[in-house]
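Notes follow the structure.
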Amino acid sequence: MADGLNRVHFNPSTAQLVEFALLRGEGELTANGALVAKTGARSGRSPGDRFIVREPSSEAEIEWGPVNQAFDPGAFEGLWARVEAYLADKELFVSDLEVGADTEHYQPVRVTTQYAWHQLFARNLFIIPEEFNRKDKPVWQIINAPDFVCDPERDGTNSDATVILNFAERKVLLAGLKYAGEMKKSMFSVQNFLLPAQGVLPMHCSANVGKDGDTTLFFGLSGTGKTTLSADPKRFLIGDDEHGWAPGGVFNIEGGCYAKCIDLSQKNEPVIWDAIRFGTVLENVVMDEHRVPNYKDSSLTENTRAAYPLEHIAQRKEDNCGAEPHAVVFLTCDVSGVLPPVSILTKEQAAYHFLSGYTAKVGSTEIGSTSAIQSTFSTCFGAPFFPRPAGVYAELLMKRIESFGSQVYLVNTGWTGGPHGVGKRFDIPTTRAIVDAIVSGELKDVETVHLDTLNLAVPVAVSGVDSNLLNPINTWGDKALYAEYAQKLAEAFTKNFAKYQVSDAIRNAGPKA
């Protein structure tokens, strides 16, 4: 950047950034003190506009395709220079932050933003270290220029906006995008590429720890309950979305939370509710005339969000780290109403369901998605963020589970008694009771019933849960129709899994079509 031509605010405080955002017309204050900002037409991630620079140091390690689209190194150089020139006379906000709450596995990153509220988001979601880059690692750079308009013909992009990762130069370019989630997910993708080479499993999961130091992980796509279920008043939060699992422990990749706000209530989600206050960024949340947020209003998007630092949560693990997990929960949102609320998995079944990543897009975080809920298979419960081939992550998961002896569970936070539109969704208290049973160890060696088509072991009793709910066939009025839907789901699993080169033990661990 050309210093002297523009005003640069370096490592600004929360109060300064809120003040700048209000003065510059970037947002408004709510009655609870949070800052509301609107992102315009792009109210979610833009996967079609995300690229990775194809260069010799990383190209052999990346699974190229529609998720990881290749970008020309020369075109990147030109576009980066044009964005720098565009920002040269603009007021800018810059912070030196870190990604990864681990002394060995952190990445230092300098974040430069055109908007004050984007900088506040970055400082909420990334880690503000006591001492920046104590191991003197090469520093990553993020530039976020939301008002820069890309020209596909000139810039080599797919539209007027883009996200580009460059592993060789340690650069992330965001241009033409106001949705702040792109910043956090771009650095998550960076860590998802770097960590496996160090023997660390990067995970799209939340994590918490009990009073006795027992760690639980919750894997799942957006909207399946990662943030809600890990924000447990009886446990201490490590983080809500991105973690690394190294030999000896897990660590948060972030320093904050990015919670979905749609239908947020104080009763069901008190931890998140209380975290929304001064310093929090609310994205696309609608307010009433008294500036009170209306979390039921989805007129701008289903994907309304709250971004706040972990310090806003009273019951948190202050070092953002935990021991290796005794329990690992795969959260799936089953729109067919076929899966049980909880199943106990073998390690082969864990690998099968981790690779499958069966769930639904709920209030999708991607632009272009309607509010319609549809089933999907998202490898590793986060396909859009993993640059390496899926097998790399599955092998690391198997290794970690085996070496520590973690027990894996499949928990359905979706529908029962019929598909979406006919059946009803499991309520949060029911799922919380199941999670309580998991973390207490109650389900470790219990009596189970085997569901043949789904090839799943289901406990016959769970404290605090109606036993009729545990075997899904009991909740369907038409048992023959249930069998038909179960068969359809088993076929969908088998068809999706055909692409994976795995052992017979893993392949045979799935549903039986």
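In case you wondered, yes, glycine gets a Cβ from its N, Cα and C as well.
When Lys178, Lys185, Lys267 are compared with the Mn(2+) site residues His204, Asp241 in Swiss-Prot, the one appearing in that site is Lys185. Tyr179 (substrate binding site) sits 15 Å from Ser222 (ATP binding site), taking the C-alpha atoms as the reference points. Using the Cβ center of Lys185, His204, Asp241 for Mn(2+), the list of other same-chain residues with Cβ within 8 Å runs, in sequence order, Lys184, Phe188, Glu242, Gly382, Phe385.
Residue density at Gly220 (ATP binding site): 27 other Cβ atoms are found within 10 A of its Cβ, drawing on all protein chains shown. Each residue contributes its Cα atom, and for Thr228 (ATP binding site) and Asp241 (Mn(2+) binding site) those atoms are 11 Å apart. Of all the binding-site residues in the list Gly220, Ser222, Thr224, the shortest Cα-Cα distance to Arg305 (substrate binding site) is found for Ser222. Around Lys226 (ATP binding site), a 10 Å sphere centred on its CB holds 27 further CB atoms from the protein chains shown. In this structure, the CA atom of Gly220 (ATP binding site) is 7 Å away from the CA atom of His204 (Mn(2+) binding site).
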